[in-house]
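J.: Dropping the structure in here first, questions after.
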Amino acid sequence: MKRRQILLGAGAATVLQGAWNEAMAQGKEVVIGALYPMSGPSAQVGIDARQAFETALEVINNVSPLDLPTAKNAGLARLGGAKVRVVYADHQADPQKGRAEAERLITQENVCAIVGCYHSSVSTTVSATCERYGVPFVCADSSSPTLSAQGLKFFFRTAAHDEMFSQAMFDFMDALKARGQKIGSVGLFYEDTIFGSDSAKVQRKLAAERGYRIACDIKYRNNSPSLTAEVQQIKNANPDVLMPSSYTTDTILLAKTMAELGYRPPNIVAQAAGFVEKPALDAVGDKLVGMISRASFSEDMGEKRPSAKAVNASFKARAGRDLNDQTSRQFSALMVLADAIDRAGTVEPGKIREALAATDIPGDKTIMPWARVKFDAHGQNTFASPVLIQWNKAKFVTVYPFEVATAKVVWPMNG
Amino acid sequence: MTAAALSQVLASGLLMGLIYGMIAVGLSLIFGLMDVVNFAHGEFMMLAMYATFGCFVFFHIDPVLALPLVAALMFIFGASVYAGVVRHALRVKVNAGMVQIFATFGLATLMQGAVQFFFTPDYRNIGDSSWLGGKTLELGGIFMPWPQLFGAAVSLIAFGGLFLLMKHTDFGRALEATREDKGAVALVGIDSNRVFALGWGLGAALVGVAGAVLSTFYYIHPQVGAAFGTIAYITVALGGFGSVFGAFAAGIVVGLVEALTAVVLPPAMKSMGIYVLYLAVIFLRPQGLFGRL
């Protein structure tokens, strides 16, 4: 074959590929990109996310009896019953890989929106990339407040961010104090990427405002081989409430090291992430009995939100585990996005952005404890009311806000 | 910081350092033997952790008993890797260094992928039901977990054994001679290929011992080798390329420096102490603490 023929062939193939993608996007299929860690230390998070999205697709693409947006019809009604397909990409917890993959999803896979990304550090680069291409980014589960403070037009976050979560934690501690508990000091312990740093920044501010002494303020290197020196410092400071922000590896190591050094913190109020992941709870759950975490979801939600039980059952059949804080948010993000695309009636990203901005879904049409889904000018759902859940060795129970609690809080956890 | 707290940090640093030393020794042995850096060293350790975990879960063999078995399996694995991969990489004459790097690097990626495929990326954990699990020795306010004490003791014994093997056996002398001059040993009838294979087996068995003891108190995951592998490379460089004793001693130094740095500086910068020390050493002694030029 001559060089010219090869060039011609390659050119034709590219054009055909483009036309095919175009046809698919215009016709019977809506393609959404999902960016998650599929390999590396957080790979399980990505694999679980995939199951959460597949669970959502089952509701979206089939006729479902659940009272959720887009559930009634097979596919998206206003796009002639078009089916939604999710293309997955692996960012390996690396912000640069995330950026490159987002670019690939937009330019090669022609996705009309992206969902992601678990790690706040990755969501930062991906949201900037989406902004540049004018493609909506629906942040499912990254909780750094700075993400919605960037002033991006194409950024939408369905769940609460750490400022809202931390506020709930301090409201909770204030409420306990009002009930006569003595809480004088808090200990901050956080990993050194944007998730941990941002979380600690908010907690530091709130502690100062509400009169809690900061007994220790420890920023540690994530994925460290050892946390002995760090735990020694927490032990010396012995705060009334330890407030950790850690991913799975560090959660396991922290709990093990505390036990090894004979340290039982009086209370733990954690910023979810590793503390609600099944692998961590399987490994060290017995060492964390009584630990409280912020959450968007807990198993007992089924009593408040009728669809939650059925969705959880469907997810469990796929993933072999219950929905948790992360997977419930991933499921919900895709549902909200599908609803917006349906209302937009097109896969044109600009129109989808407008539909997202106009979103208004009442809380009982979600599986979350949220009051509703409605975005402010920064794309933040300000109605994503957080809850606090307590680990009682077998499962989590909701303990705060007291109005929605299904169990009485055990305080102190290590009495 | 009180004296008790400082002693705790030093004790923990020392226990961890002995295990770091054990991991580095295997790497140093292979490097000294044939100038090949095994970029899959951390993954060898990861494999040994899964082997220990497998023995515990499927055959109910306690990690303490599984240790010699895992070491033996890793010996066979290491020798097979030499025969199957490294031997061929060494034959390449063009860009020889690059070929060796990519051969072992590719092996590392393959091992991570294969383990993730078969065992899923879930975090595994031997838990407190093993003999050593969850038990801690308290000595005058200093807490020393039994798994780590055991690990440190095993590291010392294994290193002692390696030292005797290298100084007092024919195989050890052949190993040392091959390290010195591969060409010359061929003249006295030593099959360098065989020595290399045994050297890889020995290196893998040593890191296998480290992996087995680590699995009694650390989580097990396809990526777990990365953090420890990096430390092993620094440790070998710090101790001096080609010096097995240097690697072991440097491991202890790294463990102590890391623990102390985490107390003096913010813990997020605890690796800084190791890198500063490493830079200082290569400025003053480019051959490393115990290396030969």
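The backbone N, Cα and C atoms fix where each Cβ goes, and this holds for glycine too.
According to TrEMBL, the protein has these features:
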type     : residues  : note
TRANSMEM : B:6-32    : transmembrane segment
TRANSMEM : B:44-61   : transmembrane segment
TRANSMEM : B:67-86   : transmembrane segment
TRANSMEM : B:98-119  : transmembrane segment
TRANSMEM : B:139-165 : transmembrane segment
TRANSMEM : B:195-220 : transmembrane segment
TRANSMEM : B:232-265 : transmembrane segment
TRANSMEM : B:272-290 : transmembrane segment
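Distances, neighbours, how buried they are, the whole picture for these features please.
T.: Listed as Cβ neighbours of the transmembrane segment (B:44-61) (distance under 8 Å, sequence separation of 6 or more from its ends, same chain) are residues 23, 26, 38, 67, 69-70, 73-74, 77-78, 111-112, 115, 119, 124, 126, 130, 204, 207-212, 214-216, 218, 220-225, 228-229.
For the transmembrane segment (B:67-86), the residues of the chain that approach it from at least six positions outside its boundaries are 36, 40, 44, 47-48, 51-52, 55, 61, 100, 103-104, 107, 154, 196-209, 211-213, judged by C-beta separation under 8 angstroms.
For the transmembrane segment (B:139-165), the residues of the chain that approach it from at least six positions outside its boundaries are 4, 7-8, 11-12, 14-16, 18-19, 21-22, 25, 29, 64, 67, 132-133, 171-172, 202, 206, 209-210, 213-214, 216-217, 244-245, 248, judged by C-beta separation under 8 angstroms.
Long-range neighbours of the transmembrane segment (B:195-220) within the same chain, counting only residues 6 or more positions beyond its ends whose Cβ lies under 8 Å from a Cβ of the stretch, are 19, 22-23, 25-27, 29-30, 33-34, 38, 41, 44-53, 63, 66-67, 70-79, 81-83, 86-87, 123-126, 130, 132-133, 145, 147-148, 150-151, 154-155, 158, 162, 171, 174-175, 178, 185, 228.
For the transmembrane segment (B:272-290), the residues of the chain that approach it from at least six positions outside its boundaries are 231, 234, 237-241, 243, 245-246, 249-250, 253-254, 257-258, 260-261, 264-265, judged by C-beta separation under 8 angstroms.
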